[in-house]
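**Q** Have a look at this one.
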Amino acid sequence: MKSDIEIARETDLRKIKEVATTLGIPREEVQNYGRYIAKVPIHLIDKKQMDQHNLILVTAITPTKAGIGKTTVSIGLALGLNKIGKKAVVALREPSLGPCFGMKGGAAGGGYAQVLPMENINLHFTGDFHAVTSAHNMITALLDNYIYQTRNTCEGLKEIKWKRVLDVNDRSLRNIVSGLGGSANGVPTETGFDITPASEIMAILCLATDIEDLKRRVGNILLGYTNEDKPFTVNDLGIAGAITVLLKDALLPNLVQTTENTPAFVHGGPFANIAHGCNSISATQMALTYGDYVITEAGFGADLGAEKFFNIKCRKAGLSPKLTVIVATAQSLKLHGGVPEKEIKEPNIEGLKNGFANLDKHIENMKSFGQQVIVTFNRFATDTDEEIALVAEHCEEKGVGFAMNNVFAEGGEGGTELARLVVDTIENHPSAPLQYTYDLNDPIRTKVQKVAQKIYGASSIVYTTLADKKLRQIESLGISHYPICIAKTQYSFSSDPKAYGVAKDFELKVRDVIINNGAEMIVVVMGEIMRMPGLPKEPQARKIDIVDGMIEGLS
């Protein structure tokens, strides 16, 4: 089979204004970024139209390190729906350069189910990530200047909560000391870098409803505390307007197309293990305004991305999906069934069966939100017919719809079985009204307990001294009503990345609590999860090259 980049280059792309016209977006409203990429103004969102259309969430069982193919399936489902005569749009997150050059590679789908132009999308795209990085680090620079200028006055700060960000995987930047070299170079400070998708600015961009809401949220970002223990925000620096200016264009959703010219909104990019893991509210709402069926995805397994999608994004935006699709693969089931990672591509019926416990827990979790659930099997070349039949049989026993998909190899044609099941389920057995895991008025500890016990299956939770201190600060600030965003490993229900399957009777340790006052959420850090990833021994960057002006090795 041809490589992703070869397939992408052979696709006959339509000019982006033509793609917009197929949706009903006026040509004069489209802001071109070249021939095949555009931004669309937020004022086109129509809440009345949204309510008449169908939102579908694509999530997954606990993934392997190579991923599970959610983005490919999301794109392929949109292609399949269009194949059977439905007006479908897909709404996805933007890829990050860190994983693109790190372990996973790009995030524009794969095979014959991609969003295009994939080279642009996987690399610099419309500059949204650069805008987030610039805005975040501009705050840091202005904050450092304030600290320097007030270092010998009563207006100084004693506790700083704001780091820097870069869109790279670089473990050496996690903990640094800035301001070295004498008094002319600033005040020495222990600090560090997070990756851009973990930036509070990224979360704000994805949750803001318009430019005024964006500015309000930016102004409320908590940067630290004064010598009198008072919170110090971006508004106190007097720079909310300046930072919003840097984000003005990044706020607008990006319109692109798939390998079969299906419209796609690709906007925002928080990770689900260290942030809330969903594309922007504005992109999802734009897609719902113009598409009868809108497919979106949430990062990693359903315990992370989907939980935050429902408890944070849907609650904030008033969204309620008609259906949730859980993606499973033979390789991931075997990994969670006790098969060594290096052997998961080999046939192993017993290991596959043992992995059903992981699938069942995710199904149970999605049903706890009132969701109607179907399972789709993302086929790989190494899968056997017997393995596929066993998964289908298991889903039937559980009373859950099942559909094969082979969209990677066949595009929309390989997604028609799934598309028909999706339409039939929505028409005859749609999801119930959304039920949340916790109430916003619950104390933070209660929220953590409910997610940890109901979604992860934890038996107990302990807090470090630092986390206890942060919880007291939250109470004093009067923001205990914020939703929580748990940061933990994506490879297990527990905080141990090697506890495959369904962990039992385990303790979760809350290491830190981060106040995202602008994003209006509380980030709860569990285990050893890092907000700045590192690179593997063999990074994807070693496969990427440019020959005669053409990019090679990007996938």
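Placement of Cβ uses the backbone N, Cα and C atoms for every residue, glycine included.
Here the structure is a predicted model, which means the values were calculated and not measured.
Taken from Swiss-Prot, the feature ATP binding site applies to THR64, LYS65, ALA66, GLY67, ILE68, GLY69, LYS70, THR71, supported by sequence analysis.
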**Q** If the ATP site is taken as the center of the Cβ atoms of THR64, LYS65, ALA66, GLY67, ILE68, GLY69, LYS70, THR71, which further residues of that chain fall within 8 Å of it by their Cβ?
**A** ALA60, PRO63, LYS104, THR329, SER332
**Q** Looking only at ALA66, ILE68, the binding-site residues on record, which one has the least crowded Cβ, with the fewest other Cβ atoms within 10 Å?
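**A** It is ALA66 that, of the binding-site residues ALA66, ILE68, has the fewest other Cβ atoms within 10 Å.
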**Q** Have a look at the binding-site residues (THR64, THR71) and report the one with the fewest Cβ neighbours inside 10 Å.
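**A** Lowest Cβ count within 10 Å among the binding-site residues (THR64, THR71) is THR64.
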**Q** Please compare the binding-site residues LYS65, LYS70 by how many other CB atoms fall within 10 Å of each one's CB, and tell me which has the fewest.
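**A** Across LYS65, LYS70, these binding-site residues, the one with fewest Cβ atoms within 10 Å is LYS65.
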**Q** How many other Cβ atoms sit within 10 Å of the Cβ of GLY69 (ATP binding site)?
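**A** There are 27 of them.
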**Q** What is the Cβ neighbour count of GLY67 (ATP binding site) at a 10 Å cut-off, with all protein chains included?
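**A** Looking across every protein chain shown, the total is 20.
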**Q** Look up ILE68 (ATP binding site) in the DSSP assignment and report helix, strand or coil.
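**A** ILE68 (ATP binding site) sits in coil per DSSP, no helix or strand.
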